[in-house]
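Enquirer: Sharing a structure here in structure tokens format.
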Amino acid sequence: MVPVVMPTYARADLAFERGEGAYLFATDGRRFLDFGSGVAVTSLGHCHPKLVEALRAQAGKLWHCSNLYRVPGQEKVAAKLVANTFADTAFFCNSGAEAMECAIKMARKYHHASGNPQRNRIICAEGAFHGRTLATVAAGGQKKHMEGFDPVMDGFDHVPYGNLNALRDAITPQTAAILVEPVQGEGGIIPGDPDYLRRLRATADEFGLLLIFDEVQTGMGRTGSLFAHQQAGVTPDIMGVAKGLGGGFPVGACLATEAAARGMTAGTHGSTFGGNPLAMAAAEAVLDVMLEPGFMAGVQAKAQQLRTRLDTLCGRFPAVIELVRGQGLMIGLKARVPNTELQARLMANGLLTVGAGDNVVRLLPPLIIGETEMDEAIQILSRTLSEVSP
Ligand SMILES: *Cc1c(COP(=O)(O)O)cnc(C)c1O
């Protein structure tokens, strides 16, 4: 008999009842150090006092009113995002896939509004991940996500990630936009070279294309700056944001320049729940914490410290870990043993991680970790690598 919860996930037999900072407490009483953060979502840790207070206060006032009215929380969060990014305007939704759907629709609409409706194809990268809706699985291009869901949505062309020549060769009079993740997440924590990202910008400008960055996973401080592309000195025209934006409350956003959003007029797009007052209270609190002076510098310092320690540790186990890669607190350990096995061992020893493509174990600790959590993580990793070592 089918489980009452549809079995679309291969779940670990583990349930949690409480979270506090970087720790999760299971229903069986065990305590875990959470270096998965619900896949890069709870970036300020569990039950951050400022987030709890913001939600509590909003919960007693207003939960939902619909986008038929002005939502002051959206105006505040959008103003903060606009003030701290390339963007002029933001659309609020509830997830990463929806943020990317909006980005895809906006790119097509932009060319339609500019008198070039034939420009409706988007060049994407192999190994990409943009969500699980029909459009975003087509944009991701992964066979395992599309199998059995034919017909695949048309309008996406794929080239190898990091290869500018292949991308330029794929441009046709029908091309509307280029879409990449600044660091491929699900694909295996593969950082895009800053020079590659800058050349994507130049190429987009040369051919009149829009540049779309999917920062659903890399955004909100994960890589050591509010958004990853800011470190490469390049700006997109459109950007999808979600995961860390609400600190655990489901919320997404699609940011854009005024020019890129020119076609997105009243009636062109919508969402019943998108940007509701509860979501906006959470997002505003997250942004307030992350935009405090010194917060990102602190993340960078911690990331560097953790990375140095991981490089040293993993260097001692070349038979288990092939290499360490990533940016900021978005770190991948490319394993020589099955990543699922390594993850299970880490979990048994009290450390939660997330798998990724290319046999990678992802470390996505909350941005609020301190010396204690880093020490504990290194200790558990050290013990686990010794156990697994042949
Ligand atoms: C997780 C993710 C998505 C999809 O987000 P959902 O909230 O699961 O829809 C899209 N793009 C990237 C890069 C992601 O990591």
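Cβ atoms here come from the backbone N, Cα and C positions, even for glycine.
Feature list, courtesy of TrEMBL:
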type: BINDING; residues: Gly96, Ala97, Phe129, Asp214, Glu215, Val216, Gln217, Thr272; note: pyridoxal 5'-phosphate binding site
type: BINDING; residues: Arg132, Ser271; note: N(2)-acetyl-L-ornithine binding site
type: MOD_RES; residues: Lys243; note: N6-(pyridoxal phosphate)lysine
Enquirer: Out of Gln217, Ser271, Thr272, which has the highest number of nearby Cβ atoms, where nearby means within 10 Å of its Cβ, if these are the binding-site residues?
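Expert: By the 10 Å Cβ neighbour count, Gln217 comes out on top.
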Enquirer: What is the biggest Cα to Cα gap, in Å, among Gly96, Ala97, Phe129, Asp214, Glu215, Val216, Gln217, Thr272, the residues listed as binding pyridoxal 5'-phosphate?
Expert: 25
Enquirer: I'd like to know which of the binding-site residues listed (Ala97, Phe129, Glu215, Gln217, Ser271, Thr272) lie near ligand 1, counting only a CB under 6 Å away.
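Expert: Only Ala97, Phe129, Gln217 meet the Cβ criterion.
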Enquirer: So if I measure Cβ to Cβ from Ala97 (pyridoxal 5'-phosphate binding site) and keep only same-chain residues at least 6 apart in sequence, which ones fall under 8 Å?
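Expert: Ala97 (pyridoxal 5'-phosphate binding site) has long-range Cβ partners His130, Gly131, Arg132, Thr133, Thr136.
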Enquirer: Which of the three DSSP-derived classes (helix, strand, coil) applies to Asp214 (pyridoxal 5'-phosphate binding site)?
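Expert: The residue in question, Asp214 (pyridoxal 5'-phosphate binding site), is strand (DSSP, three-state).
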Enquirer: Of Arg132, Lys243, which of the recorded positions has the most Cβ neighbours inside 10 Å?
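Expert: In terms of Cβ crowding, the pick is Lys243.
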Enquirer: How many Å separate the Cα atoms of Val216 (pyridoxal 5'-phosphate binding site) and Lys243 (N6-(pyridoxal phosphate)lysine)?
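Expert: About 6 Å separate the Cα atoms of these two residues.
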Enquirer: Measuring Cα to Cα, how many angstrom lie between Phe129 (pyridoxal 5'-phosphate binding site) and Lys243 (N6-(pyridoxal phosphate)lysine)?
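Expert: That comes out at 13 Å between the alpha carbons.
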Enquirer: Pop the Cα-Cα gap between the residue listed as 'N6-(pyridoxal phosphate)lysine' and Gln217 (pyridoxal 5'-phosphate binding site) into the table, whole Å please.
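Expert: It is 6 Å, counting Cα to Cα.
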Enquirer: Give me the CA-CA distance between Asp214 (pyridoxal 5'-phosphate binding site) and Lys243 (N6-(pyridoxal phosphate)lysine), in Å, as a whole number.
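Expert: It is 11 Å, counting Cα to Cα.
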